[in-house]
Amino acid sequence: MRNRLLSLVTLFLSLSVATAVSASPPPKAGLPLQQELASGSALVTDQNTGKVLYSRNPDLVVPIASITKLMTAMVVLDSKLPLDEVLPIAISETSEMRGVFSRVRVGSQISRRDMLLLALMSSENRAAASLAQNYPGGKNAFVKAMNAKAHALGMKNTRYVEPTGLSLHNVSTARDLTRLLVASRQYPLLSQWSTTPEKTVAFRHPNYTLGFRNTNHLINNKTWNIQLTKTGFTNEAGHCLVMRTTINRSPVNLVVLDAFGKYTHFADATRLRRWLETGQVTAIPAAAKAYRLQRDRERGLGQPVAQAVR
């Protein structure tokens, strides 16, 4: 009888627990799934509040390729050197330029303004190298100014060794580059030059003209409102993209680094915009995912989890 009573009590308690569990509130409905990216690191923040909207490995130190040129242009503007001064295309002080193809002829001349335009709009390496070589004190003084500016902006994990981004030793993080994007708001010419769709530039000595286009094809997409942009690529850095743009009617800073494929960084930006505006998750191609996982393993990252605040 006693054993039977104990069994009934146990059964009653089990049913009570089960009922309590089943009656507990379900997970909140409507929470969006997390968007996966093909890029190794990324960060999206609200320009007005600084709130993080999406992040993936934001403090991972990686090569940044031609994203470097944003700092190059900023240092030139800080110098207050005359923008209409005509300068020679000179690259001898930047050893990374050896063997790098360019349509721009060494020794020909354009204005400092046009050099800045070409460096930002079409990522012209000879223009960026020439800006440094025509700086007071030359390339070495210029690189010193780049690193001093990074330090002043609180870019603690950033280092520059040359002005083009060709060196794998030009490194930064998504978080540091977000600080650079924030600072760029004080330089309206950076926005103007970096978002110019295309331009024909006239060179002197000898006289010739060349047409250039923006390296970010999203500039021509009317569904995007881009205030500033810069792309970058080297084998070591992968495909990189930074933008000041508008998502969900709010101004944001967007950084994606080390993406696989010629258009993957643009696709990741589009995935992020769609997800932030609608909650819709978009799959990434298998090849792009395999590349990202391989890069993660090479860096000992395992399976980092993206985080977001929505």
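Positions of Cβ are set from backbone N, Cα and C atoms, glycine also.
What Swiss-Prot lists as signal peptide is 1-23.
Cβ neighbours within 10 Å of Ser66 (active site, acyl-ester intermediate), excluding its own Cβ and spanning all shown chains: 25. For Ser66, the entry in Swiss-Prot reads active site, acyl-ester intermediate, with the evidence type similarity to another entry.
Long-range Cβ proximity for Lys69 (active site, proton acceptor), meaning a same-chain Cβ under 8 A and a gap of 6 or more residues, is found for Ala119, Leu120, Ser123, Ala128, Pro163, Thr164, Gly165, Lys230, Gly232. Annotation source Swiss-Prot lists active site, proton acceptor at Lys69.
In the shown protein chains, 25 other C-beta atoms lie within 10 A of the C-beta of Ser123 (active site). Swiss-Prot lists Ser123 with the feature active site, giving similarity to another entry as the kind of evidence.
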